[in-house]
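Here's the structure we're looking at; comments come further down.
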Amino acid sequence: MAGLNVSLSFFFATFALCEAARRASKALLPVGAYEVFAREAMRTLVELGPWAGDFGPDLLLTLLFLLFLAHGVTLDGASANPTVSLQEFLMAEQSLPGTLLKLAAQGLGMQAACTLMRLCWAWELSDLHLLQSLMAQSCSSALRTSVPHGALVEAACAFCFHLTLLHLRHSPPAYSGPAVALLVTVTAYTAGPFTSAFFNPALAASVTFACSGHTLLEYVQVYWLGPLTGMVLAVLLHQGRLPHLFQRNLFYGQKNKYRAPRGKPAPASGDTQTPAKGSSVREPGRSGVEGPHSS
């Protein structure tokens, strides 16, 4: 129980410190530097850092849901995910320099989280931390299936995740935050036994790339190319094109928003009309004045 309390305290302390640093960065830095760099670095740190507590499987999914729920409320739209930054670039929502700065910030946050993780384990605040410190150099791989199957699993997870983000990108955080948190939790529960369901290249590189069992190229195929492929497919399905690269819609036909006015349909030949009261019916070719010999 003491180890659990230490882990939970570390989890919430890391989140609180990152939130304080984010607010200070927002107040002190220029708007562009905060939105592109500091915000992403803080979210990457807060996403990776708390897991140094080494939680058991009984708490992992619950804390994962709470973490993503808090992200959606507090972190101003930061993603801490390179594929989300690349999605914004393909959607023409972010420039190339801004995207590169976000990727650099995510890399910096990942390194800071790894440093925090090793420091926490060195303190040996609990038996779990001591065990992790001893096993740090001989960790086991998170990839517990074949490389093609793992790449397919990561691509499917990323596809569902990014398609949900695209559908909810204009929704209020009160709706999008819980929906994304629930999706990530369900995905982690379903695909976790195969690849740990990272679908985040920065998170995967931090947690499992240094572990034995697979080569670096195999890790790249599963945890980088898989999520990238799923993201591109999600954008294509949602938009029908990659807006930053193609103007023409590749999948869906363009509907003309200007419609020609439709004429009033002519009455059928068998239809009869009842004349209004006081009106006379005239036959075509005859005048309205009766001749003297008419009967």
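Note that Cβ sites are derived from N, Cα and C of the backbone, with glycine treated the same way.
Different topological domain names are assigned in Swiss-Prot to V84 and L203, which places them on opposite sides of the membrane.
Within the chain carrying the transmembrane segment (179-199), a Cβ under 8 angstroms from the stretch's Cβ atoms is held by residues 60-61, 64-66, 68-69, 71-72, 83, 142-145, 149-150, 153-154, 156-158, 160-161, 164-165, 168, 171, 207-208, 222-223, 226-227, 230, all 6 or more beyond its ends.
Counting same-chain residues at least six beyond the ends of the topological domain 'Cytoplasmic' (167-178), those with a Cβ under 8 angstroms from any Cβ of the stretch are 68-69, 71-73, 238.
For the topological domain 'Extracellular' (200-215), same-chain residues at least 6 beyond its ends with a Cβ under 8 Å from one of its own Cβ atoms are 44, 47-48, 51, 80-83, 106-107, 109-110, 113-114, 138-143, 147, 222-224, 227-228.
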